[in-house]
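Inspection log for the structure reproduced underneath, given as C-alpha coordinates.
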Amino acid sequence: MAPEDDLIIENNSRSKVPHICVVGSINIDFVTYASRIPGPGETLTARAFSTWAGGKGLNQAVACARASFNFLAQPDMLVNLIGTVGAEDHFYDTLVKPICDGCRVSTVHVNRRCSGQTGSASIIVDESSAGQNRILVVPGVNHSGMSDATQICDAIARQKVECDVVLLQGEIPRSTVLKLLCVLNDPSCRRHVIFNPAPVFPDGIPPTSLKGTAVLVMNETEAGQIASFMLTAPRNGSSSPLNEQDFAGQLHKLLHVKIVLITLGARGVFFSTCSGLQGRCPARAVRQVVDTTAAGDTFVGYFASGFAKFMATGATIESFDAKIESVIQDATMAAGLCVERPGASQSIPFAYEIADHAVCTPETDGRAALIDGRK
(Lines of atoms letter the chains of each structure in order from A and count residues from 1; the text may use other names and numbers.)
(Lines give C-alpha, C1' and ligand atoms only; values in the text may rest on other atoms or scores of the structure.)
Protein backbone atom coordinates (compact mmCIF):
# COMPACT_ATOMS: atom_id res chain seq x y z
CA MET A 1 0.00 0.00 0.00
CA ALA A 2 1.40 3.40 -0.96
CA PRO A 3 2.00 5.78 1.96
CA GLU A 4 -0.64 8.23 0.74
CA ASP A 5 -3.34 5.54 0.74
CA ASP A 6 -3.60 5.18 4.52
CA LEU A 7 -2.41 8.53 5.79
CA ILE A 8 -4.10 9.82 8.93
CA ILE A 9 -5.11 13.46 8.45
CA GLU A 10 -6.07 15.66 11.37
CA ASN A 11 -9.70 16.78 11.45
CA ASN A 12 -9.30 20.54 11.03
CA SER A 13 -10.46 23.39 8.85
CA ARG A 14 -8.14 22.81 5.90
CA SER A 15 -9.90 22.81 2.56
CA LYS A 16 -7.56 20.15 1.19
CA VAL A 17 -4.79 17.78 2.22
CA PRO A 18 -1.35 19.45 2.20
CA HIS A 19 0.76 17.70 -0.42
CA ILE A 20 4.37 18.26 -1.51
CA CYS A 21 6.06 16.65 -4.51
CA VAL A 22 9.84 16.64 -4.13
CA VAL A 23 11.73 16.25 -7.41
CA GLY A 24 15.40 15.56 -6.87
CA SER A 25 18.41 13.40 -6.27
CA ILE A 26 18.81 10.20 -4.31
CA ASN A 27 22.36 9.34 -3.25
CA ILE A 28 24.21 6.84 -1.15
CA ASP A 29 26.58 8.75 1.12
CA PHE A 30 29.93 7.21 2.04
CA VAL A 31 31.05 9.24 5.03
CA THR A 32 34.45 9.31 6.71
CA TYR A 33 34.87 11.07 10.07
CA ALA A 34 38.40 12.40 10.58
CA SER A 35 40.21 14.67 13.02
CA ARG A 36 41.11 16.91 10.09
CA ILE A 37 41.16 17.03 6.28
CA PRO A 38 44.29 15.37 4.83
CA GLY A 39 46.61 17.51 2.74
CA PRO A 40 47.75 16.76 -0.85
CA GLY A 41 49.49 13.39 -1.02
CA GLU A 42 48.83 12.69 2.65
CA THR A 43 47.33 9.50 4.08
CA LEU A 44 45.49 10.00 7.34
CA THR A 45 43.91 7.49 9.69
CA ALA A 46 40.25 8.36 10.18
CA ARG A 47 38.11 7.76 13.25
CA ALA A 48 35.05 6.13 11.66
CA PHE A 49 33.23 5.32 8.42
CA SER A 50 29.49 5.10 7.76
CA THR A 51 27.14 4.56 4.85
CA TRP A 52 23.95 6.64 4.81
CA ALA A 53 20.99 7.42 2.59
CA GLY A 54 21.28 10.95 1.21
CA GLY A 55 20.96 13.25 -1.78
CA LYS A 56 19.22 16.61 -1.69
CA GLY A 57 15.95 15.26 -3.05
CA LEU A 58 15.74 12.44 -0.51
CA ASN A 59 16.91 14.60 2.39
CA GLN A 60 14.39 17.32 1.68
CA ALA A 61 11.55 14.83 1.18
CA VAL A 62 12.38 13.21 4.53
CA ALA A 63 12.54 16.64 6.19
CA CYS A 64 9.14 17.62 4.73
CA ALA A 65 7.62 14.39 6.00
CA ARG A 66 9.20 14.37 9.46
CA ALA A 67 8.10 17.97 9.94
CA SER A 68 4.51 16.70 9.73
CA PHE A 69 4.90 14.26 12.64
CA ASN A 70 3.68 16.39 15.52
CA PHE A 71 2.72 13.13 17.19
CA LEU A 72 4.27 9.70 16.76
CA ALA A 73 2.80 7.88 13.72
CA GLN A 74 0.36 10.70 12.91
CA PRO A 75 1.62 12.78 9.95
CA ASP A 76 -0.67 15.53 8.71
CA MET A 77 0.44 15.89 5.09
CA LEU A 78 1.46 13.92 1.99
CA VAL A 79 5.00 13.86 0.64
CA ASN A 80 5.84 12.23 -2.68
CA LEU A 81 9.42 11.73 -3.90
CA ILE A 82 10.15 11.70 -7.64
CA GLY A 83 13.64 10.41 -8.44
CA THR A 84 15.72 7.61 -9.93
CA VAL A 85 17.99 4.89 -8.54
CA GLY A 86 19.94 2.02 -10.05
CA ALA A 87 17.91 -1.16 -10.48
CA GLU A 88 20.55 -3.41 -8.90
CA ASP A 89 21.45 -1.16 -5.98
CA HIS A 90 20.89 -3.06 -2.74
CA PHE A 91 21.44 0.16 -0.78
CA TYR A 92 18.05 1.41 -2.02
CA ASP A 93 16.30 -1.55 -0.39
CA THR A 94 18.38 -1.51 2.80
CA LEU A 95 18.84 2.23 3.38
CA VAL A 96 16.70 4.50 1.20
CA LYS A 97 13.36 2.65 1.18
CA PRO A 98 13.28 2.05 4.97
CA ILE A 99 13.98 5.75 5.62
CA CYS A 100 11.10 6.74 3.33
CA ASP A 101 8.70 4.15 4.70
CA GLY A 102 9.53 5.17 8.26
CA CYS A 103 8.23 8.70 7.72
CA ARG A 104 5.58 7.92 5.10
CA VAL A 105 7.35 9.40 2.06
CA SER A 106 5.74 7.87 -1.01
CA THR A 107 8.25 6.24 -3.40
CA VAL A 108 5.66 5.29 -6.02
CA HIS A 109 7.44 7.57 -8.50
CA VAL A 110 11.00 6.51 -7.71
CA ASN A 111 12.16 4.85 -10.92
CA ARG A 112 14.61 1.92 -10.79
CA ARG A 113 16.76 2.30 -13.90
CA CYS A 114 18.54 -0.74 -15.35
CA SER A 115 21.26 1.24 -17.13
CA GLY A 116 23.25 3.23 -14.61
CA GLN A 117 24.13 3.45 -10.95
CA THR A 118 22.52 5.23 -8.03
CA GLY A 119 24.15 8.58 -7.32
CA SER A 120 26.85 8.57 -4.66
CA ALA A 121 28.60 11.09 -2.47
CA SER A 122 31.99 10.73 -0.82
CA ILE A 123 32.04 12.91 2.27
CA ILE A 124 34.82 13.76 4.71
CA VAL A 125 33.62 15.26 7.98
CA ASP A 126 36.26 17.41 9.67
CA GLU A 127 35.66 16.91 13.38
CA SER A 128 38.12 19.67 14.28
CA SER A 129 36.00 22.34 12.59
CA ALA A 130 32.53 21.87 14.05
CA GLY A 131 31.55 19.06 11.70
CA GLN A 132 32.23 20.93 8.45
CA ASN A 133 32.46 18.67 5.44
CA ARG A 134 33.95 18.19 1.98
CA ILE A 135 31.74 16.44 -0.58
CA LEU A 136 32.35 14.85 -3.98
CA VAL A 137 29.22 13.73 -5.83
CA VAL A 138 28.94 11.21 -8.67
CA PRO A 139 25.47 11.93 -10.14
CA GLY A 140 24.80 8.53 -11.74
CA VAL A 141 21.14 8.12 -12.64
CA ASN A 142 20.28 11.39 -10.91
CA HIS A 143 21.35 12.83 -14.26
CA SER A 144 20.82 10.09 -16.84
CA GLY A 145 17.49 9.05 -15.33
CA MET A 146 16.09 12.53 -14.67
CA SER A 147 16.52 14.12 -18.09
CA ASP A 148 12.88 13.90 -19.25
CA ALA A 149 11.09 16.91 -17.77
CA THR A 150 7.85 16.02 -19.56
CA GLN A 151 7.77 12.63 -17.85
CA ILE A 152 8.35 14.27 -14.48
CA CYS A 153 5.53 16.76 -15.10
CA ASP A 154 3.26 13.83 -15.95
CA ALA A 155 4.20 12.13 -12.66
CA ILE A 156 3.30 15.30 -10.76
CA ALA A 157 -0.02 15.56 -12.59
CA ARG A 158 -0.91 11.90 -11.88
CA GLN A 159 -0.87 12.24 -8.09
CA LYS A 160 -3.93 10.72 -6.40
CA VAL A 161 -4.24 13.86 -4.28
CA GLU A 162 -3.63 17.17 -6.06
CA CYS A 163 -0.15 18.47 -5.39
CA ASP A 164 -0.01 22.20 -4.61
CA VAL A 165 3.69 22.55 -3.76
CA VAL A 166 6.65 21.27 -5.80
CA LEU A 167 10.14 21.35 -4.29
CA LEU A 168 13.17 21.42 -6.63
CA GLN A 169 16.95 21.46 -6.11
CA GLY A 170 20.07 21.52 -8.28
CA GLU A 171 21.35 17.93 -8.19
CA ILE A 172 19.41 16.84 -11.29
CA PRO A 173 20.11 18.04 -14.87
CA ARG A 174 20.07 21.78 -15.47
CA SER A 175 17.87 21.37 -18.54
CA THR A 176 15.31 19.44 -16.50
CA VAL A 177 15.19 22.02 -13.72
CA LEU A 178 14.85 24.94 -16.15
CA LYS A 179 12.04 23.18 -18.01
CA LEU A 180 10.22 22.34 -14.77
CA LEU A 181 10.53 25.93 -13.57
CA CYS A 182 9.09 27.16 -16.86
CA VAL A 183 6.13 24.76 -16.80
CA LEU A 184 5.33 24.78 -13.08
CA ASN A 185 5.68 28.54 -12.62
CA ASP A 186 3.20 29.22 -15.41
CA PRO A 187 0.09 30.83 -13.82
CA SER A 188 -2.12 28.25 -15.54
CA CYS A 189 -0.37 25.46 -13.62
CA ARG A 190 -1.63 26.73 -10.24
CA ARG A 191 1.24 25.19 -8.27
CA HIS A 192 3.65 26.81 -5.85
CA VAL A 193 7.31 26.08 -6.65
CA ILE A 194 9.95 26.14 -3.93
CA PHE A 195 13.39 26.21 -5.57
CA ASN A 196 16.63 25.55 -3.71
CA PRO A 197 19.39 26.18 -6.31
CA ALA A 198 21.93 23.97 -4.59
CA PRO A 199 24.36 23.49 -6.05
CA VAL A 200 24.14 26.36 -8.52
CA PHE A 201 24.74 24.95 -11.99
CA PRO A 202 28.20 25.75 -13.47
CA ASP A 203 26.47 27.18 -16.55
CA GLY A 204 24.34 29.35 -14.33
CA ILE A 205 20.62 29.92 -13.93
CA PRO A 206 19.00 32.37 -16.35
CA PRO A 207 17.22 34.94 -14.19
CA THR A 208 14.09 34.67 -16.33
CA SER A 209 13.75 30.99 -15.35
CA LEU A 210 13.04 32.12 -11.79
CA LYS A 211 10.08 34.27 -12.84
CA GLY A 212 7.01 33.53 -10.76
CA THR A 213 8.76 31.19 -8.30
CA ALA A 214 6.88 31.07 -5.00
CA VAL A 215 9.90 30.56 -2.74
CA LEU A 216 13.59 30.88 -3.58
CA VAL A 217 15.76 29.56 -0.75
CA MET A 218 19.56 29.76 -0.90
CA ASN A 219 22.60 29.92 1.32
CA GLU A 220 24.84 32.98 1.17
CA THR A 221 27.20 31.51 -1.42
CA GLU A 222 24.36 30.46 -3.71
CA ALA A 223 22.72 33.86 -3.38
CA GLY A 224 25.95 35.51 -4.50
CA GLN A 225 26.13 33.21 -7.50
CA ILE A 226 22.52 33.90 -8.47
CA ALA A 227 23.16 37.63 -8.08
CA SER A 228 26.12 37.39 -10.46
CA PHE A 229 23.72 36.29 -13.22
CA MET A 230 21.59 39.38 -12.66
CA LEU A 231 23.50 42.29 -14.18
CA THR A 232 21.58 44.80 -12.09
CA ALA A 233 22.32 43.07 -8.78
CA PRO A 234 23.79 45.64 -6.35
CA ARG A 235 27.44 44.68 -5.85
CA ASN A 236 30.05 47.37 -5.14
CA GLY A 237 32.84 45.43 -6.78
CA SER A 238 33.27 41.70 -7.23
CA SER A 239 34.50 41.16 -3.66
CA SER A 240 31.79 43.18 -1.96
CA PRO A 241 29.31 41.32 0.24
CA LEU A 242 25.84 40.74 -1.10
CA ASN A 243 23.22 43.29 -0.09
CA GLU A 244 20.43 40.87 0.80
CA GLN A 245 17.72 43.50 1.06
CA ASP A 246 18.39 45.01 -2.37
CA PHE A 247 18.96 41.63 -4.02
CA ALA A 248 15.65 40.31 -2.69
CA GLY A 249 13.93 43.49 -3.79
CA GLN A 250 15.12 42.92 -7.34
CA LEU A 251 13.92 39.33 -7.30
CA HIS A 252 10.49 40.53 -6.20
CA LYS A 253 10.28 43.44 -8.62
CA LEU A 254 11.89 42.03 -11.77
CA LEU A 255 11.09 38.32 -11.52
CA HIS A 256 7.99 38.29 -9.30
CA VAL A 257 9.56 35.84 -6.83
CA LYS A 258 7.14 35.83 -3.91
CA ILE A 259 9.42 34.84 -1.00
CA VAL A 260 13.23 34.98 -0.76
CA LEU A 261 15.14 33.16 1.98
CA ILE A 262 18.92 33.38 2.44
CA THR A 263 20.49 31.22 5.15
CA LEU A 264 23.48 32.94 6.75
CA GLY A 265 24.98 30.25 8.97
CA ALA A 266 25.49 31.43 12.53
CA ARG A 267 23.94 34.80 11.57
CA GLY A 268 20.56 33.19 11.06
CA VAL A 269 18.17 33.52 8.12
CA PHE A 270 17.28 36.59 6.07
CA PHE A 271 13.74 36.63 4.68
CA SER A 272 11.88 38.92 2.31
CA THR A 273 8.38 38.79 0.85
CA CYS A 274 6.79 40.44 -2.17
CA SER A 275 4.65 42.62 0.09
CA GLY A 276 7.76 44.31 1.50
CA LEU A 277 8.24 42.37 4.74
CA GLN A 278 11.94 41.75 5.46
CA GLY A 279 13.76 40.51 8.51
CA ARG A 280 16.29 38.12 9.97
CA CYS A 281 15.62 35.21 12.29
CA PRO A 282 18.52 34.19 14.54
CA ALA A 283 20.17 30.80 14.42
CA ARG A 284 19.54 28.27 17.17
CA ALA A 285 21.81 27.10 19.96
CA VAL A 286 23.20 23.58 19.70
CA ARG A 287 24.98 21.49 22.28
CA GLN A 288 27.65 20.06 19.97
CA VAL A 289 28.04 20.18 16.20
CA VAL A 290 28.65 16.64 14.91
CA ASP A 291 27.80 16.73 11.20
CA THR A 292 26.37 19.57 9.06
CA THR A 293 25.70 17.42 5.98
CA ALA A 294 21.89 17.57 6.02
CA ALA A 295 21.43 20.86 7.87
CA GLY A 296 20.51 22.92 4.81
CA ASP A 297 18.10 20.30 3.52
CA THR A 298 16.47 20.03 6.94
CA PHE A 299 15.83 23.77 6.92
CA VAL A 300 14.41 23.69 3.38
CA GLY A 301 12.16 20.70 4.06
CA TYR A 302 10.78 22.06 7.32
CA PHE A 303 10.06 25.43 5.73
CA ALA A 304 8.39 23.75 2.74
CA SER A 305 6.20 21.72 5.10
CA GLY A 306 5.03 24.79 7.01
CA PHE A 307 4.42 26.67 3.77
CA ALA A 308 2.42 23.80 2.24
CA LYS A 309 0.23 23.43 5.32
CA PHE A 310 -0.57 27.13 5.26
CA MET A 311 -1.33 27.23 1.54
CA ALA A 312 -3.62 24.18 1.90
CA THR A 313 -5.99 26.33 3.94
CA GLY A 314 -6.83 28.27 0.79
CA ALA A 315 -5.15 31.46 2.02
CA THR A 316 -3.22 33.73 -0.31
CA ILE A 317 0.57 33.64 -0.44
CA GLU A 318 0.62 37.29 0.65
CA SER A 319 -1.12 36.38 3.91
CA PHE A 320 1.75 33.98 4.69
CA ASP A 321 3.60 37.07 5.95
CA ALA A 322 1.86 36.60 9.31
CA LYS A 323 3.27 33.07 9.59
CA ILE A 324 6.66 33.22 7.91
CA GLU A 325 8.75 34.03 10.97
CA SER A 326 7.37 31.17 13.05
CA VAL A 327 7.85 28.72 10.16
CA ILE A 328 11.48 29.85 9.80
CA GLN A 329 11.99 29.47 13.54
CA ASP A 330 10.74 25.88 13.40
CA ALA A 331 13.04 25.18 10.44
CA THR A 332 16.12 26.62 12.16
CA MET A 333 15.33 24.66 15.31
CA ALA A 334 15.13 21.45 13.28
CA ALA A 335 18.42 22.25 11.54
CA GLY A 336 19.99 22.93 14.93
CA LEU A 337 19.02 19.49 16.19
CA CYS A 338 20.07 17.86 12.91
CA VAL A 339 23.71 18.98 13.21
CA GLU A 340 24.01 17.29 16.61
CA ARG A 341 23.66 13.91 14.88
CA PRO A 342 25.75 12.03 12.31
CA GLY A 343 24.52 11.19 8.82
CA ALA A 344 22.31 12.70 6.16
CA SER A 345 18.60 11.81 6.04
CA GLN A 346 18.95 9.75 9.23
CA SER A 347 19.93 12.86 11.19
CA ILE A 348 16.77 14.81 10.35
CA PRO A 349 14.51 15.15 13.41
CA PHE A 350 10.78 14.52 13.65
CA ALA A 351 8.64 17.50 14.66
CA TYR A 352 7.77 15.98 18.02
CA GLU A 353 11.51 15.82 18.85
CA ILE A 354 12.07 19.55 18.53
CA ALA A 355 8.99 20.86 20.33
CA ASP A 356 10.96 21.74 23.47
CA HIS A 357 14.47 21.88 21.99
CA ALA A 358 16.43 25.13 21.65
CA VAL A 359 15.57 28.78 22.23
CA CYS A 360 16.59 31.76 20.12
CA THR A 361 20.12 32.97 20.75
CA PRO A 362 21.89 36.18 19.74
CA GLU A 363 23.67 36.17 16.39
CA THR A 364 27.01 36.39 18.14
CA ASP A 365 26.50 33.16 20.10
CA GLY A 366 29.30 30.88 18.99
CA ARG A 367 27.10 27.83 19.48
CA ALA A 368 24.63 28.87 16.78
CA ALA A 369 23.81 26.10 14.34
CA LEU A 370 24.98 26.29 10.73
CA ILE A 371 21.89 25.82 8.59
CA ASP A 372 23.46 26.18 5.16
CA GLY A 373 25.31 22.87 4.81
CA ARG A 374 26.07 21.80 1.27
CA LYS A 375 23.65 18.87 1.26
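Yeah, the Cβs are placed from backbone N, Cα and C, and that goes for glycine too.
Some features that TrEMBL has for this protein:
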type	residues	note
DOMAIN	19-349	domain 'Carbohydrate kinase PfkB'
BINDING	Asn27, Ile28, Asp29, Gly55, Lys56, Gly57, Leu58, Asn59, Glu171, Asp297	substrate binding site
BINDING	Asn219, Thr263, Leu264, Gly265, Ala266, Arg267, Gly268, Gly296, Asp297	ATP binding site
BINDING	Asp291, Thr293, Cys338, Arg341, Gly343, Ser347	K(+) binding site
ACT_SITE	Asp297	active site, proton acceptor
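Overlay of TrEMBL feature records on the structure.
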residue	record	Cβ within 10 Å
Asn27	substrate binding site	33
Asp29	substrate binding site	28
Leu58	substrate binding site	32
Leu264	ATP binding site	21
Ala266	ATP binding site	18
Gly268	ATP binding site	25
Thr293	K(+) binding site	31
Cys338	K(+) binding site	32
Arg341	K(+) binding site	15
Gly343	K(+) binding site	21
Substrate binding residues Asn27, Ile28, Asp29, Gly55, Lys56, Gly57, Leu58, Asn59, Glu171, Asp297: largest Cα-Cα distance, in Å and rounded to whole number: 15
Cα-to-Cα gap, Asp297 (ATP binding site) vs Arg341 (K(+) binding site), nearest whole Å: 14
Separation of alpha carbons, Gly268 (ATP binding site) and Asp291 (K(+) binding site) (Å): 18
Cys338 (K(+) binding site) to Asn219 (ATP binding site) - Cα separation in whole Å: 17
Assigned conformation of Arg341 (K(+) binding site) - DSSP reduced to three states: coil
Binding-site residues compared (Glu171, Asp291, Asp297) - highest count of Cβ atoms within 10 Å: Asp297
Inter-residue Cα distance where the pair is Ser347 (K(+) binding site) and Leu58 (substrate binding site), in Å: 12
Packing count at Ser347 (K(+) binding site) (other Cβ atoms within 10 Å of its Cβ): 24
Nearest of the binding-site residues (Asn219, Leu264, Ala266, Gly343, Ser347) to Asn27 (substrate binding site), judged by Cα-Cα distance: Gly343
Other residues, Cβ within 8 Å of Asp291, Thr293, Cys338, Arg341, Gly343, Ser347 Cβ centroid (K(+) site): Val290, Thr292, Ala294, Ala295, Val339, Glu340, Pro342, Ala344, Gln346, Ile348
For Ser347 (K(+) binding site), the three-state class that DSSP assigns: helix
Distance [Cα-Cα, Å, rounded] between Thr293 (K(+) binding site) and Asp29 (substrate binding site): 10
